[in-house]
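Q: Below you'll find the structure I mean.
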Amino acid sequence: MLTKFETKSARVKGISFHAKRPWVLASLHNGVIQLWDYRMCTLLEKFDEHDGPVRGICFHIQQPLFVSGGDDYKIKVWNYKQRRCLFTLLGHLDYIRATYFHHEYPWILSASDDQTIRIWNWQSRQCISVLTGHNHYVMCAQFHPTEDLIVSASLDQSVRVWDFSGLRKKSVAPGPAGLAEHLRNPQATDLFGQADAVVKHVLEGHDRGVNWASFHPTLPLIVSGADDRQVKLWRMNDAKAWEVDTCRGHYNNVSCALFHARHELILSNSEDRSIRVWDMTKRTCLHTFRRENDRYWVLAAHPTLNLFAAGHDVGMILFKLQRERPAYALHNNMLFYIKDRQLRKLDMSTNRDAPIMQIKGGGRHQPYSMSLNHAEWCVLVTWRIGDSNTYELYSAPRDGEASTAPPEPLRGHATSAVWVARNRFAALEKNNQLVIKNLKNEVSKKIATPTCEEIMYAGTGMLLLREPECVQLLDVQQKRTIASVKVSKCRYAIWNSDMSLVALLAKHSVTICTKKLEQLCSITEGARVKSGAFDDSTPQPVFIYTTANHIKYCCKDGDYGIIRTLDVPVYAVKVIASETGARVVCLDREARPKVLNIDPTEYRFKLALVTRQYDQVLHMVRTAKLVGQSIIAYLQEKGYPEVALHFVKDARTRLSLALQCGNIEVALEAAKSLDEPAAWDKLAKAALATGNHQIVEMCYQRTKNFEKLSFLYLITGNLDKLRKMMKIAEIRKDVSSQFQGALLLGDVNERIRLLKNAGQLSLAFLTAITHKQLDEAEQLQAALEAANLPVPAPDPQAVFVRAPLPVQRAQPNWPLLAVSKSFFEVAGGARTAADASAVGAVADVAGDEPLEAAGAWGDDDDVLQENKEEGEGDVMEDACDDGGWDVGDEDLELPEELAPVPADIDGAEESSEYFVAPTRGVSLALGAKLKTAHDHVATGQFEIAFRLLNEQVGIVNFEPYLETFLSMYSSARLMFGALPQAPPLVAHLHRNWKEASGKDLLPVLTAKLNDLVAQLQQCYQLTTGGKFTEATERLRRAVRLVPLLQLDSKQELSEAQQLLAICKEYLLGLQMETDRKAMPKNTLDEQKRTCEMAAYFTHCKLQPVHQILTLRTALNMFFKLKNYRTAASFARRLLELGPRPEVAQQARKILQACEKTPTDEHQLLYDEHNPFNICGISYKPIYRGKPEEKCPLCSASFLPEHKGKLCPICGVAEIGKDVLGLRICVLQFQR
């Protein structure tokens, strides 16, 4: 008897197994019904509505129902999904002893102490038949598994068999045969009617009351148990029933008896505290299982599995009569296993299964295990039958040999027998002595192993010895233990193909060790561990093991997980892996080979991460369906949040992962989609830590955190926005924030005004007199005297409160360390966008055509509206209204920008208070190798840089470069404290510190082409949004930075020149469009001029999305001017660019209208067929071949009369100046 599960409770009076799920119901003497999961050993639910003991309990075979009957005379039908009683059937007048569902009909059978058996229809909730005939308590009644029969047992010492076919015919719709019979003879009637149920047989033979009777599942047999301590076997046919034999042995009342469904066995239990197993053919007792103090009351068998349950005084026990694990052995691709007393061989490569030989010993019992010697083709088979442990040594016929009758096997007594060499095997005898025997079963060596319980294979000449608390590795030759590992009650040892790893399986644990028994990991399972096999196809072997309800994996670093669920336990033999998946070859409990497909992606993914095979990881990320919180948690735990980002779509999780791996861009997207204050706060903290204060600014704006915004503007030197914050505080009527802003800006007049408005005249007077604002002080003194308030005396030692002037105003984002991106970030970037370094590729980032033209794009009305009011469409947008300083923020409404306040606001006479730095000396870090303007700026040699910029690209206006030069110079130096109480030292940062020294050292790069490319992307987006002023400022900044680059290759140089050309086209077009919008449109000539400029704008080489917008504007304006021929040309150019369907439809309508009258009403200075450049000052065409002057920096074209003027496009270079050309690449200085 193998105990699988045991419960402790009140006396169990009824038991029922679920047909499909691993559930068992136990009805107790105290009125409670318990629902247990016997596989997980957990109590799932309690049902407590009966008053008194519940003796009858039964699951429905298909529906989520069970029925119970108790001593309260009630039959209750329950729905276990809804966890409630559906209804109660009333009718019995005494205790209810048994309740059963019919396997097919909607019937319930109940037996009661009122001497009746009742049949109920649980759908109509009616009693449909009452079976009377017993004259004492009816202790048991059951339906036959297939026929229309009922067996009942009563204390009137009889067993009755009832035929209820009449009830079936009356209650159940006829099948096809019955229907045909009824149609053939519709007039036939049964004059006397037919009884619902009639007694077919009365079985009398017991001397006392009968407690139980049950049918055999397939044979016409009945077993009964009674208070006369006997178990009787009855046989029946259609005519009669008779007693076959009696099983005697119990010495108290027999409570229950039933047949074994698969073997010729009878099980019975009794109040004598024993369960007995009887041989049905010999009627002898085979086994007796006793409890010390508890009487048995009920027995139940699982409908399909080899599982039984018995209820006793203090609970319930689930057990099997024999072990169901098949005996098998593996050699390469061959599986050898024993089924139905035959040794069989399965070729796993061809799925060919064939018998090899007959196995003789063991009687009706299954072999416990087998061990294969593939060299000598011998098999050791062991049996454990009760206390008798034996083995048999067979010599198997080889392939190709004639299958003759196998020779008689050699036998011996031993607990275990395992091969240790090609001609030696080890056997563990009963006295715990290990003997080594040869192929003739002769002892060649003996080894004392006093505490060994089991021996297991461990390779040639080695054995694993299982002891109660550990497993030891024994060298058979040296007779000594080599290694030991602590594993309690190990049951099986499974080796991988090269014998480098072993998995030790206990009842609830898996331990993986090396061949020297060094423990690598151990996993504890809730369910029972059944078997396992290694997958050796992976970089590190993975152990695939089965539990009672799952197939799982375990890596040697301790990672484990579930691969799939199992309906019934199987025994894994081998894992066959392929690139796309894997198959597990298993044996089920009937020793039938099965192949289960499994998905190895999860453990292959984890192994690829562990072994740093990142290309494989990336392939899996893109192709495999890896989902679930466990994978994300695993990646976070192992430090791969950037990989976890590939799996996550939930914005909240993406935000936390992106912040964890420092990916501010992804975090920004997630925060935008969440749009919650908490998300913006998290992003602000992370962005502040990395110095990305533009995103910090956006976060504070979204959360309206004005105090933090003000402080951010202060520390980044953005005084203009700090002034705006002061004005916003005024709008919000937050006087405290307004005063603080004035204090930080050093705005004395504002502070005086605020104090005066707040009624603090004394403080206002002191502020004015201290800061030498004498006129204001006189007025305040007069106001104090008029109000009869004392005039405070100013402190002659007062020191002015001065706001610190920022060294660098409106700082860009802090420079970040040049760290290499992780493999996944690089690969992810390569997949989602083209190479970011190529400007041409970056041009695609301009985006799709906007759904509605935004910002400064305007005048694109539907010109086909006939009932348009006169003058509509001439309304001009403010060309400077670009959405304000709050980029991308619609929540903050800002006032009009005020006039700038000078930094020396307090008067020039106090300027002596500021520290003036002494004249700078020559630094030792400056060498003679500096060639580019970048290197001279980074080392502080501004004068030389000015001269180089003037000679190379004709720059004459250096004022815009002030902050750029200071920023580059400060970025190239490092200040650090060397000694305590000593001033900090300055060190220059170098880009070639690894390969150079001394005068060959070059300053670190402070301006990068990639940053300019990123700025260009932002300008594309600003242009799309119609924010022309901001886009123009950024484009100018990018153009001015190009001469300050330091490049290393011709490709980078060509990209920089391409960047200049793109910026020039955008600057010219946006300035021209801004000026056009500002022009008056009152007279015809003025309208013609604006149309000319709109037409010129379409010839600027912009991105297609922006080109479409320029063409739409020009098309509408020319159509209104009735220049239909030119308008048609614009319409054709627009359609060639493939705009959105609605735009294309409108353009086609205009084109059709223009083609009806293809003429121009007004003559304009515009010839679309003659190539031309546009003058950057007059905005007039300069046709090819005509004289023109160029800007040496941005290459913008101008009419000859503008030579010598400052270029309005870039704002720094002199038009037409003779220069050397752009020198920003080291290759340009090589001779």
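The backbone N, Cα and C atoms fix where each Cβ goes, and this holds for glycine too.
Pulled the feature table from TrEMBL, pasting it below:
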- 342-587: domain 'COPA/B second beta-propeller' (DOMAIN)
- 629-772: domain 'COPA/B TPR' (DOMAIN)
- 821-1229: domain 'Coatomer alpha subunit C-terminal' (DOMAIN)
- 47-88: repeat 'WD' (REPEAT)
- 89-130: repeat 'WD' (REPEAT)
- 131-165: repeat 'WD' (REPEAT)
- 203-244: repeat 'WD' (REPEAT)
- 247-288: repeat 'WD' (REPEAT)
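Help me picture these features in the structure, burial and contacts included.
A: Summarising model confidence by region, the domain 'COPA/B TPR' (629-772) averages a pLDDT of 82.
Within the repeat 'WD' (89-130), the DSSP-based counts of helix, strand and coil residues read 0 helix, 25 strand, 17 coil.
Per-class residue totals from DSSP over the repeat 'WD' (131-165), listed helix then strand then coil: 1 helix, 20 strand, 14 coil.
For the repeat 'WD' (203-244), same-chain residues at least 6 beyond its ends with a Cβ under 8 Å from one of its own Cβ atoms are 136-137, 139-140, 142, 144-145, 149, 151-161, 250-259, 261, 266, 268, 270, 272, 278, 280, 283.
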Q: Provide the three-state DSSP residue tally for the repeat 'WD' (47-88): helix first, then strand, then coil.
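A: Across the repeat 'WD' (47-88), the residues distribute as 0 helix, 24 strand, 18 coil.
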Q: Report, as numbers and ranges, which residues of the same chain sit near the repeat 'WD' (89-130): CB under 8 Å and 6 or more residues beyond its ends.
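A: Those are 14, 53, 55-61, 65, 67-71, 73-77, 136-143, 145, 150, 152, 154, 162, 164, 167-168, 171-172, 196-197, in sequence order.
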Q: Who are the chain neighbours of the repeat 'WD' (47-88) in space, where the CB to CB distance is under 8 Å and they lie at least 6 residues beyond its ends?
A: 11, 13-19, 23, 25-33, 35, 94-101, 103, 108, 110-112, 120, 122, 125, 303
Q: Residues of the same chain, at least six outside the repeat 'WD' (131-165), with any C-beta under 8 angstroms of its C-beta?
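A: Sequence-distant neighbours of the repeat 'WD' (131-165): 94-95, 97-98, 100, 102-103, 107, 109-113, 115-119, 196-204, 206-215, 217-218, 222, 224, 226-227, 234, 236, 241.
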Q: Is it possible to list how many residues within the domain 'COPA/B TPR' (629-772) are helical, extended or coil according to DSSP?
A: 112 helix, 0 strand, 32 coil
Q: Can you count helix, strand and coil residues in the repeat 'WD' (203-244) using DSSP?
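A: So the repeat 'WD' (203-244) is made up of 0 helix, 25 strand, 17 coil.
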Q: Per DSSP, what is the residue count of the repeat 'WD' (247-288) in each of helix, strand and coil?
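A: Taking each residue of the repeat 'WD' (247-288) in turn, the totals are 0 helix, 24 strand, 18 coil.
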